[in-house]
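Here's the structure, in structure tokens; my notes come after.
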Amino acid sequence: MEIKHDYNVQLFKEKGFIRKQCKECNQYFWTLDPKRETCGDSPCDEYSFIGSSITNKEYTYNEMVKEFLNFFDKNGHTPIKRYPVSARRWRDDILLTIASIAVFQPWVTKGIVKPVANPLVIAQPCIRLNDIDNVGRTGRHMTCFTMGGHHAFNTDEDFKYWTDRTVELCYNFFTNLGIDGSSITFIESWWEGGGNAGPCYEVITHGVELATLVFMQYEKTEQGDYIEMPLKIVDTGYGLERFVWASKGTPTVYEAVFGDIIGKLMDDANINMNDIGPKILAESATLAGLMDIENVGDLRILRQKVAEKLNLDVNELDSILSPIENIYAIADHTRCLAFMLGDGIVPSNVKDGYLARLLVRKTLRYIKNVGLSLSLKDIVAMQLENLKEIYPELMDMKEYIMDVLEEEENKYIQTITKGKGAVERIAKSKDEITLDDLIELYDSKGLPPEVVRDIVEEINKKGSKNNKGNKTIKITVPDNFYTIVAERHEEKKEDSKSEKGENTAEKSTISINLDDIPETELLFYSNPYQKEVEAKILKIIGNVVILDKTVFYPEGGGQKYDIGLIGNKKIISVQKNNNGIVCHTVENTDGLNEEDTIIAKLNWENRLNLMRNHTATHIINAAASKVLGKHIWQTGSNVESNKARLDITHYKRITREEIKEIEKIANQIVLDAIPVKSTVMGRNEAEQKYGFKIYQGGVVPGNILRILDIEGVDVEACGGTHCQNTSEVGYIKILKTERIQDGVERLEYTSGINSVNEVSLMEDILLNASSIVGVPCENLPKTVNRFFEEWKEQKKIIEELHKKIGELEKGNLNDKFEKVGKYDLLVEKVEGAPKELMSIADNLVNEKDNSIVILLNNSGYILCKCGEKVEIKMGELLRKIAKGGGKDKMAQGKCADDIETLKSKVVGEL
């Protein structure tokens with residue numbers, strides 16, 4: 001189905017814009033210049049602003065952000081604060097904030113929630129890593145950029161503005177900056193994404209696209225049809241860094257945005273721009289505007305084009321540009337990291353943490369390439385300093401950012417050290433390191449492809465014996481490797497271990513057809529202390545009972561379901577379906593009938609424990625944030641009656657001292673007897689009042705949220721049952737922590753009487769140990785340490801005795817070898833533990849490289865070992881003569897035969 005759209009807006013008519021078709025790309029565009037024959041965008045036009053500003057003054061990044069917001073503020077738009085670059089803070093379908101419209105998805109764009117203002121304007125830092133391999137090379141690509149967006153959300157009842165006003169505002173913003181109106185072209189285009197579609201304009205000047213104006217007005221069906229949306233959205237995107245670039249006319253966007261930082265990096269790397277020559281750099285950057293690695297795929301071909309234009313050898317051009325491009329990438333990546341880490345992302349092996357680590361390691365590689373003495377921490381600190389005027393909240397996270405960068409750098413060094421063996425193992429069995437190998441090495445071992453290439457080159461030079469003589473291992477690293485990796489991880493939908501089945505925003509549901517049944521009245525919200533209710537049975541399906549009202553909390557939000565009785569029937573599960581109907585599964589329904597009125601009674605002790613543990617979860621989360629830092633974010637939880645657990649993001653193991661401090665703060669909150677209040681409020685109101693921390697437990701759907709507020713401690717959107725005061729939680733005891741995945745720590749804990757029971761159990765263990773050792777409890781550590789040291793000494797003595805026994809046995813057994821075929825064979829019964837038999841066999845085969853040694857002890861343990869020249873595989877031999885297995889040179893197992901029978905079997909196999 002083709003949609004026709006009239007792109008001739010009021011501004012074009014008033015100003016005299018002409019519609020033309022580009023002679024290069026055939027796209028239609030609008031221009032004031034009657035002589036123009038091309039659309040103005042690259043590659044149809046080269047950059048024509050490099051070397052001279054096209055605005056009335058040069059702007060810094062901070063100035064351009066203010067200029068953009070102020071312009072639209074004066075033109076009837078309400079400025080709103082930026083959202084985090086981690087989109088997971090308020091939505092679960094994407095990892096990073098990729099556009100200004102993303103902050104309003106899905107709730108506002110679907111019409112579920114009204115926007116915080118209408119129309120509005122935002123300067124939103126965005127991150128897109130699908131162009132990461134272009135960064136530094138093209139002069140225009142950035143991993144992190146600021147999308148200026150003015151948005152209007154139009155309904156029939158409240159229509160703000162549409163195409164005419166949008167284009168007018170855009171044109172006026174450009175010309176107010178001093179950009180010549182005759183240089184501006186509006187290219188007709190069509191936008192589709194996320195199931196929506198609409199016409200759009202790409203706004204170009206001097207060869208560079210500075211803005212896109214999208215008019216989101218259609219939903220696209222699975223059949224490819226377009227349906228008018230009830231909510232029509234003006235979705236604009238202005239590349240504010242590109243405006244800064246156009247205002248300065250520098251060869252690349254990087255000098256324009258990061259000028260002072262790039263200067264320091266160039267000085268530190270001893271790169272003298274005067275040696276390169278302004279002409280080479282400017283020409284190179286202009287032609288680089290035509291480069292797009294995604295389309296061409298091979299930097300070498302692109303380099304060749306630039307070299308030909310400049311009359312340079314391509315290798316010479318490489319040597320000139322590569323260090324500079326590395327510097328550009330470092331500047332870009334470090335600002336991106338300032339936002340990612342400043343917004344609380346924790347580097348890890350999954351999701352947005354994986355992307356942060358990718359950026360860290362890529363930057364460290366560039367720093368090494370150009371030989372900087374400045375560290376990654378130093379450069380990110382510079383970025384924070386530059387950003388603090390507009391984004392002071394990032395500077396508040398500086399301590400965490402510096403600490404996590406140091407931790408990541410240390411991990412990277414360890415990874416490189418350990419990685420050589422992994423590469424050698426692949427090289428041993430293959431003639432080529434493939435792209436899949438490179439991705440696997442990067443994902444599982446953290447090895448950048450450049451490091452793998454260095455290791456392979458070293459292997460090839462040495463003609464390593466690990467790689468079958470002197471064969472050459474082939475390896476090709478694609479120019480867009482990091483783009484491929486980033487896209488794979490941005491698209492992954494699988495849940496991590498901490499979230500799978502435990503995401504606290506998820507609700508367990510049950511699938512039963514209950515179309516004729518009304519929503520269940522949930523009494524536990526109005527009064528969580530109500531222990532029973534007289535309710536009517538609306539429906540019985542198998543062992544599932546539906547009541548008109550219930551005191552039983554259905555499983556969800558990480559909290560286990562309540563148990564109790566319906567009549568005299570035990571409840572074994574409580575779930576809620578998507579229509580708000582609570583399904584109680586009982587042991588059997590004998591004696592229960594539809595329309596009966598029954599008493600539904602809670603197991604109150606179980607409910608009270610659940611309430612205590614759930615409130616304790618909020619308390620511990622808040623305490624952990626105080627002790628470990630503001631980056632702490634809940635990734636999952638599981639609340640049961642006897643204990644609970646909480647999964648939080650953190651970049652290193654939690655120490656014993658930190659656990660004690662978290663526990664101390666948590667119990668102080670309990671002692672402070674703080675009221676726990678539950679209120680219902682709109683999504684916008686909750687977000688503006690409390691921020692995105694309300695989604696610690698996961699993304700909650702809908703316009704109305706249930707907010708749980710422990711005043712001054714923790715505020716979250718939560719649907720669970722809770723105590724009404726922290727004093728009711730009782731003693732909180734953290735039992736243990738574990739690292740369930742890189743970047744995620746799990747805390748397990750109890751509350752109330754369960755904590756008392758746990759401490760009592762620990763005390764019993766301590767007293768029992770004290771009794772066994774025969775010393776008071778306070779002397780246990782010292783005594784146990786002494787015993788341990790003595791044990792280690794005894795172990796050494798025993799090992800020495802094993803060696804001596806082995807040597808003695810070797811002397812006794814050396815004369816008992818028999819020649820069987822071409823091998824020296826020894827099959828003997830020897831007293832000793834497996835370790836002793838291993839020592840004896842080692843001594844024997846080390847002296848006879850053509851020998852097979854088979855030893856059997858009284859317990860039926862059998863060991864087979866052979867010398868280097870033996871071609872028979874011991875694992876296969878053992879499986880034929882006994883039970884067990886092993887490898888080529890050693891195998892072990894169990895044998896019930898006497899020694900003579902065993903010897904006969906062995907000889908038969910040889």
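Positions of Cβ are set from backbone N, Cα and C atoms, glycine also.
Database features (Swiss-Prot):
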{"type": "COMPBIAS", "residues": "488-505", "note": "compositional bias 'Basic and acidic residues'"}
{"type": "REGION", "residues": "488-507", "note": "region 'Disordered'"}
{"type": "BINDING", "residues": "His614, His618, Cys718, His722", "note": "Zn(2+) binding site"}
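Classification of His722 (Zn(2+) binding site) by DSSP places it in coil, neither helical nor stranded. Under the three-state DSSP scheme, His614 (Zn(2+) binding site) falls in the helix class. Annotation for His618 (Zn(2+) binding site): spatial neighbours Leu708, Ile710, Val713, Asp714, Glu716, Cys718, His722, criterion Cβ-Cβ under 8 Å with sequence separation of six or more. Neighbours of the Zn(2+) site: apart from His614, His618, Cys718, His722, residues of the same chain with C-beta atoms within 8 angstroms of the site's C-beta centroid are Thr615, Thr617, Val676, Leu708, Glu716, Gly720, Thr721. For Cys718 (Zn(2+) binding site), the number of other Cβ atoms no farther than 10 Å from its own Cβ, over all displayed protein chains, is 28. Counting every protein chain shown, 25 other Cβ atoms lie within 10 Å of the Cβ of His722 (Zn(2+) binding site). Around His614 (Zn(2+) binding site), the same-chain residues six or more apart in sequence whose CB sits under 8 Å from its CB are Gln559, Val639, Ala644, Cys718, Gly720, Thr721, His722, listed in sequence order.
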